[in-house]
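To start, the structure under review is shown below, and the notes come after it.
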Amino acid sequence: MTNIRKTHPLLKIINSSFVDLPAPSSLSSWWNFGSLLGVCLGVQILTGLFLAMHYTSDTATAFNSVTHICRDVNYGWLLRYLHANGASMFFICLYLHVGRGLYYGSYTYSETWNIGILLLFAVMATAFMGYVLPWGQMSFWGATVITNLLSAIPYIGTDLVQWIWGGFSVDKATLTRFFAFHFLLPFIVAALVMVHLLFLHETGSNNPTGIPSDPDMIPFHPYYTIKDILGFLIMLTALSTLVLFSPDLLGDPDNYIPANPLNTPPHIKPEWYFLFAYAILRSIPNKLGGVLALVMSILILAIVPVLHVSKQRSMMFRPLSQCLFWLLVSVLFTLTWIGGQPVEHPYIIIGQTASVLYFLIILVLMPAISLIENRLLKW
């Protein structure tokens, strides 16, 4: 008799995706981050659901409702900090996942890659709107500054901003709609994840060598399920440590001050995971130029497959490209640091230099080095 997991209409889909899925035998720990992101999404949806049961999306009570969750709800403090720091873990895994794709040439699976970019935008939008909900000083002013950027769009900009605000400033209508979208978007993200996996399973996984691995495949279960579970344990240990020992380490102290439209904080900045893009935005003195640079800092990922001119897919055997890749990583760390600094000398010039380097490495230096490597290998 055939096993039920192979015949049942629903179970056989799960079986072909997570049990009998043929996977390359050489996948390293860098391939763990996809499953870790799935766990992060699950944790965020679950904790968010319970938080939404106690949260009120009204400017008069939003801040107090978060205080009530932390003080009066059973384990409310744990839910709140798991959700806030879970977002940080989500972005750490997300950036490592994208970095893995860039390093090993996974972007040549263009459908999977493009859905991934859509997912990145959706998760960033969700995180931004979530940051507004506690209605602290940084929530209010962050929302004001970032939504105001849309006014740089010619002709329709001002009307667009007022339409998003639901009035002439960030107020009750803005908070209510942000809560609605913050609740809805994770489910859209979950649907996009299904599409992401669907396209991935059409081609099969890439591997560290970048060489087709069809002759050497192993079943996903038990080999990679055990490996993924180890990843879950490490990540959940790190998240628990962060939540239980220093829950406010990655947050901003200004967000413990209730939102006040009459008092601007000295340094308005987003959460740490957006600081690199914020630094790129600030490094251009022109408003529209800054907004375009901000969007392009993420959208540039979509043109990476077009710029792939190397005869080898992975960077595993390309030391010159590896040097450039790690230079790009250090530039991103520099931008993240600059994004959290005030706009003054020498931070302005460091930010501008790092921004130019960021685009230069991806658009010019990477393809140029790939061509040089091709010549060195007489290809």
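From the backbone N, Cα and C atoms, a Cβ is placed for every residue, glycine too.
Quick look at what Swiss-Prot annotates:
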- 33-53: transmembrane segment (TRANSMEM)
- 77-98: transmembrane segment (TRANSMEM)
- His83, His182: heme b b562 binding site (BINDING)
- His97, His196: heme b b566 binding site (BINDING)
- 113-133: transmembrane segment (TRANSMEM)
- 178-198: transmembrane segment (TRANSMEM)
- His201: ubiquinone binding site (BINDING)
- 226-246: transmembrane segment (TRANSMEM)
- 288-308: transmembrane segment (TRANSMEM)
- 320-340: transmembrane segment (TRANSMEM)
- 347-367: transmembrane segment (TRANSMEM)
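Among the binding-site residues listed here, namely His83, His182, His201, His201 has its C-alpha nearest to that of His97 (heme b b566 binding site). Count of Cβ pairs under 8 Å against the transmembrane segment (178-198): among 33-53, 77-98, 113-133, 320-340, the largest is for 113-133. The distance from the Cα of His182 (heme b b562 binding site) to the Cα of the residue listed as 'ubiquinone binding site' comes to 29 Å. Around His196 (heme b b566 binding site), the C-beta neighbours below 8 angstroms that are at least 6 residues distant in the chain are Thr112, Ile115, Gly116, Leu119.
Note: His201 (ubiquinone binding site) has non-local neighbours Ser16, Ser17, Leu21, i.e. same-chain residues 6+ apart with C-beta under 8 A of its own C-beta. Under 8 Å from some Cβ of the transmembrane segment (77-98) lie the Cβ atoms of residues 30, 33-34, 36-37, 40-41, 43-44, 47-48, 50-51, 66, 69-71, 116, 120, 123, 127, 130, 235, 238-239, 242-243, 247, 250-251, 271-273, 301, all in the same chain and six or more residues away from its ends. For the transmembrane segment (226-246), the list of distant contacts is 27, 29, 32-33, 35-36, 39-40, 43, 78, 81-82, 85-86, 88-89, 93: same-chain residues at least six beyond its ends, Cβ to Cβ under 8 Å. Non-local neighbours of the transmembrane segment (288-308) in the same chain are 98, 102, 105, 107-108, 110, 113-114, 117, 120-121, 124, 149-150, 152-154, 276-278, 280-282, 355, 358-359, 362-363, 366-367, 370; each lies 6+ residues outside the stretch with a CB under 8 Å from one of its CB atoms. Around His83 (heme b b562 binding site), a 10 Å sphere centred on its CB holds 21 further CB atoms from the protein chains shown. The Cβ neighbour count for His97 (heme b b566 binding site), using a 10 Å radius and every protein chain shown, is 20.
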